[in-house]
Amino acid sequence: MPKLTEIAYAKINLALHVRGKMPNGYHALETIFAFAKDGDILQAEANDTEDNLTITGPFSEGLEANKDNLVLRAVTALRQACPNKIPAGFSIILDKRLPVAAGIGGGSADAAAMLRMIGQHYQIPHELILSLANSLGADVPACVDSCLVRGEGVGEKLTQIGDRSLEEKPLLLVNPRVSCSTPMIFKNWDGVDRGALDSDGSILGAARSGRNDLEPPARKILPIIGEVVEWLQQQKGVSFSRMSGSGATCFALFDEIEDRDTAYKKLNIDHPEWWALSSLLR
């Protein structure tokens, strides 16, 4: 088998509405998932023994390459579901280019990329891939196809969006190099249902008129998130900006690539200590 390569695309929540708490203790969400063209890089090559994972890259420090890693859990789930199709082992390299605990997919995107890569190569039915993704985490199903979708429930109930107007939209992701605890952010949400996502008009209009209900508690715990959002909002040509997921990564969409590039250069001067990724929406 040749060495397989796949991108684990960075996830962005263009809007994230927390509608309440469900009987099972999870929060009911409405969100618009979008994805950058860039992310972590996965490589895998079959072997005759067992799975092994090597984690490299600028954000590899502190990550465990053990059986609890979502990438290895994804391979295990595939092998258990299709024992006659999946080899005994894979030698896997994860190039961790995105910040960890940052609100942009992280382990979920990595697991989804592994499912997508192995599933496509061994011709595993897409419905099975999505079912396995759902068993691995709330954001994993959306990350499998990594395209513009609406999510409900805990994010796993997906509705395709026909509006393709955001494809190739210039994007800037910024993280102040702090990590956010998702449970802590949800714990500090004020419990107020501020209403549903707009379902009329363009997807950009729905996103802009929406909000991220986790941004206020995240900014309260980590005020630097507010500094990032405010810096982004001040840049020329910004369509809109806010925090993604439970933070601390924030994003800005631009109307023109030139304005995004100018903002990226300016960020490296104003805040060289912050992490940034200049990309496009898929």
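Just so you know, glycine gets a Cβ as well, placed from its N, Cα and C.
It should be emphasised that the depicted structure is a prediction, and the values quoted were computed from it without experimental measurement.
So that you can see what the record holds, here are the features copied from Swiss-Prot:
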ACT_SITE  Lys11  active site
ACT_SITE  Asp139  active site
BINDING   Pro99, Val100, Ala101, Ala102, Gly103, Ile104, Gly105, Gly106, Gly107, Ser108, Ala109  ATP binding site
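What Swiss-Prot annotates, mapped onto the structure for a quick look.
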residue : record           : contacts (Cβ under 8 Å, 6+ apart)
Lys11   : active site      : Phe33, Ala34, Phe35, Ile104, Gly105, Ser108, Ala109, Asp139, Ala142, Cys143, Ser146, Ser244, Gly245
Pro99   : ATP binding site : Phe59, Gly106, Asn175, Arg177, Ser179, Thr249, Trp275
Ala101  : ATP binding site : Ser179, Cys180, Ser181, Thr182
Gly103  : ATP binding site : Asn13, Cys180, Met243, Ser244, Gly245, Ser246, Gly247, Ala248, Thr249
Gly107  : ATP binding site : Asn69, Leu70, Val71, Gly137
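In sequence order, Ala10, Lys11, Leu98, Gly245, Thr249 are the residues of the same chain, not among Pro99, Val100, Ala101, Ala102, Gly103, Ile104, Gly105, Gly106, Gly107, Ser108, Ala109, whose CB sits within 8 A of the CB centroid for the ATP site. In this structure, the recorded positions Gly105, Ala109, Asp139 were compared by how many other Cβ atoms lie within 10 Å of their Cβ, and the smallest count belongs to Asp139. In three-state terms derived from DSSP, Lys11 (active site) belongs to an extended strand segment.
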